[in-house]
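S.K.: Next up is a structure, given as structure tokens.
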Amino acid sequence: MSGIPRPESVAPTRLERLAALLPASLTGADVQVTGITHSSREVRPGDLYAALAGANRHGAEFIRAAAAAGAVAVLTDAAGAEPARQAGLPVLVADDPRAVLGAAAAAIYGDPSARLTMIGITGTAGKTSTAYLVESGLRAAGLVTGLIGTVETRLGDLVVASVRTTPEATDLQAILAAAAEREVGAVVMEVSSHALAIGRVNGIGFAVGGYTNFGLDHLDFHSGVDDYFAAKAKLFDGRSRVEVLNHDDPALRPLFRPATVSYSAAGSRDATWWASDVRPAAFGQQFVAHGPGGIAVEAGVSLPGRHNVANALLALASLVAVGVDAHVAARGIAACPGVPGRLERVDAPGEVLGVVDYAHKPDAIVAALAALRELAAGRGGRVICLIGAGGDRDKGKRPLMGAAAARGADLVIVTDDNPRTEDPAAIRAAVRAGAEEAVSLPKPGLSVGGAVSLPKPGLSVAGAAATKIIEVAGRRAAIDEAVRLAGSGDVIALLGKGHERGQEVDGQMLPFDDRVELAAALGSGS
Ligand SMILES: CC(=O)N[C@H]1[C@@H](OP(=O)(O)OP(=O)(O)OC[C@H]2O[C@@H](n3ccc(=O)[nH]c3=O)[C@H](O)[C@@H]2O)O[C@H](CO)[C@@H](O)[C@@H]1O[C@H](C)C(=O)N[C@@H](C)C(=O)N[C@H](CCC(=O)O)C(=O)O
Ligand SMILES: Nc1ncnc2c1ncn2[C@@H]1O[C@H](COP(=O)(O)OP(=O)(O)OP(=O)(O)O)[C@@H](O)[C@H]1O
Ligand SMILES: N[C@H](CCC[C@H](N)C(=O)O)C(=O)O
């Protein structure tokens, strides 16, 4: 079992009711169900098992296993109906069961999102960071909070590791019902493009939908950039009462409407919320947030980089939209101690600053390195960047990631990041090719803050003449090499793995935490 929380008590729902609601046709007895899952491995007694057609298998193959585990009925498509009948279970047949899964789960768990203030955050980069800042603001307002995202799921004091960024509809509705049981008042959740595309958040009305930015990612899942954009746009199809969009990202323009709340870290006064007087404060930053009616709030964020001013403004605008006082919200955001694996400082002695960041796509690399370059400049040091790309994922982004690293760092060490089933040397070669191409071209100015300048796929990227590029096989060896090459004042940035605790090689998850490895290497002086 995955450990995804379920509610303690659930009022039984009759299949006839679900059949009328979804709609679906019922064959067999009108039994009652007390839970729902899409995975035979997660079935609990009394569950409705949703047997879905997948990219690899049809869930109908697992109906007998689900029945053995205690499933009392099946929700499926026409192809799954016969296997369900053969297993002796009543069956609900819907044209597209995945599309109605959210509605079914919401009905079974008593429509929990209607009892919660829901804040959904989408965007290519910044969802996790913004969600933590929102949660901190909600807490400052005295609410019991829920947070659902890539790193973890938190319901009040309960913390469980997340399986993915946005849970499947069945799991999500169970988590929300458990949240409501635990007196949670407001939930902030990351909404991935996968989730919107396959309907994981169907059945949820959001008080706020927030959008960080649109860049290059997940073209292994989406058929193209337009499809990726259309998936994210679904959060703004009427399901979010207030829509908060990044004014600085021109890609979001098509989604702007008269009632849109916008924010600008670049300080555009055309935005509803805009930042001025951005200044460094220890590792983080302070700024003034200007909002509707001429309000000006002293604000801060404990993380560096203009992109984190953008994340903080989005958090502030979202909090105000759900009724939190702007000053309270700003205090809460500033009090957030940091986000696991997002520009996270490594605790180690010495004159080298070690930072771990989850940047694993081009614009995140641009943003992270821009933030660290400012810090390095203040320390009179260089930026040493360690970068790899994940195996069995979008191959198109690899050279662009290499190029972004070369443009933002003084020294790039190309190494491995979850090679999965691929040849690590071939992945490194693709990343390195992009980095080397960038080095051969003139270095451009970098712009950050939503409108991160991002090389377009297929086009040449502007360069980084003075940057040195080396390749080291094996992440541990690469970290040791980074520490060996670092001098006083330098910043070592390990990009790509952030909060991850494993390195996936050939189907095996080997324990590996960048934060632990870098601290050890810095501590021993490698
Ligand atoms: C691309 C994608 O989203 N795929 C999802 C899809 O998988 P699929 O269609 O391939 O399913 P399948 O493996 O063919 O199996 C078919 C059905 O049989 C069921 N099954 C399968 C085996 C078994 O023993 N018992 C069983 O019941 C499965 O649960 C599934 O419902 O349906 C499954 C559930 O029905 C999801 O678990 C699965 O997410 C996969 C695991 C996944 O990795 N998704 C990632 C890419 C994802 O969602 N990422 C986003 C974004 C992250 C980011 O921003 O970086 C996220 O929100 O995490
Ligand atoms: N607003 C932003 N604009 C550009 N880059 C950002 C922004 N916020 C964070 N980043 C960068 O992207 C990385 C991932 O950030 P975060 O986890 O907050 O985003 P995410 O959207 O949840 O990412 P993912 O989908 O990869 O889980 C960070 O480590 C940082 O380098
Ligand atoms: N949710 C993302 C995370 C990628 C992180 C990076 N370390 C990699 O392995 O590419 C994925 O699974 O594609």
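Just so it is clear, glycine is given a Cβ too, placed from its N, Cα and C backbone atoms.
Fair warning: this is a prediction, and the values are worked out from it, not measured in the lab.
Sharing the feature lines straight out of TrEMBL:
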DOMAIN    33-108  domain 'Mur ligase N-terminal catalytic'
DOMAIN    121-318  domain 'Mur ligase central'
BINDING   G123, T124, A125, G126, K127, T128, S129  ATP binding site
MOD_RES   K232  N6-carboxylysine
DOMAIN    341-498  domain 'Mur ligase C-terminal'
BINDING   R393, D417, N418, P419, R420, G496, E500  meso-2,6-diaminopimelate binding site
MOTIF     417-420  motif 'Meso-diaminopimelate recognition motif'
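Could you place these features in context, so I can see how deep they sit and what lies close by?
M.R.: Taken together, the residues of the domain 'Mur ligase N-terminal catalytic' (33-108) have an average pLDDT of 97.
T124 (ATP binding site) falls outside any helix or strand according to DSSP and counts as coil.
Cβ neighbour count for K232 (N6-carboxylysine) (all protein chains, 10 Å cutoff from its Cβ): 23. In the three-state DSSP scheme, K232 (N6-carboxylysine) falls into the helix class.
Listed in sequence order, Y358, A359, H360, I387, G388, A389, G390, D417 are the same-chain residues at least 6 apart in sequence whose CB falls under 8 Å from the CB of G496 (meso-2,6-diaminopimelate binding site).
Non-local neighbours of the motif 'Meso-diaminopimelate recognition motif' (417-420) in the same chain are 360, 387-393, 427, 475, 496-497, 500, 503-507; each lies 6+ residues outside the stretch with a CB under 8 Å from one of its CB atoms.
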S.K.: Comparing the binding-site residues T124, A125, K127, which residue's C-beta has the most other C-beta atoms within 10 angstroms in this structure?
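M.R.: That would be A125, with the highest Cβ count within 10 Å.
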S.K.: Under DSSP, is S129 (ATP binding site) helix, strand or coil?
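M.R.: Note: S129 (ATP binding site) is helical by DSSP.
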S.K.: Give the subset of the binding-site residues K127, S129, N418, P419 lying near ligand 2, defined as CB under 6 A from any of its atoms.
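M.R.: K127, S129, in sequence order.
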S.K.: For R393 (meso-2,6-diaminopimelate binding site) and T124 (ATP binding site), determine the Cα separation and express it in whole Å.
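M.R.: Here the two Cα atoms lie 15 Å apart.
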S.K.: Given the binding-site residues P419, R420, E500, which one's Cα is the least distant from that of T128 (ATP binding site)?
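M.R.: With Cα distances computed to T128 (ATP binding site), the winner among P419, R420, E500 is E500.
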S.K.: Whose Cβ lies within 8 Å of the mean position of the Cβ atoms of R393, D417, N418, P419, R420, G496, E500, the meso-2,6-diaminopimelate site, other than those residues?
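M.R.: So the extra residues in range turn out to be H360, G388, A389, G390, G391, D416, K497, Q503, E504.
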S.K.: Please identify which of R393, R420 has the densest Cβ environment, defined as other Cβ atoms within 10 Å, among these binding-site residues.
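M.R.: Comparing the binding-site residues R393, R420, the most crowded Cβ belongs to R393.
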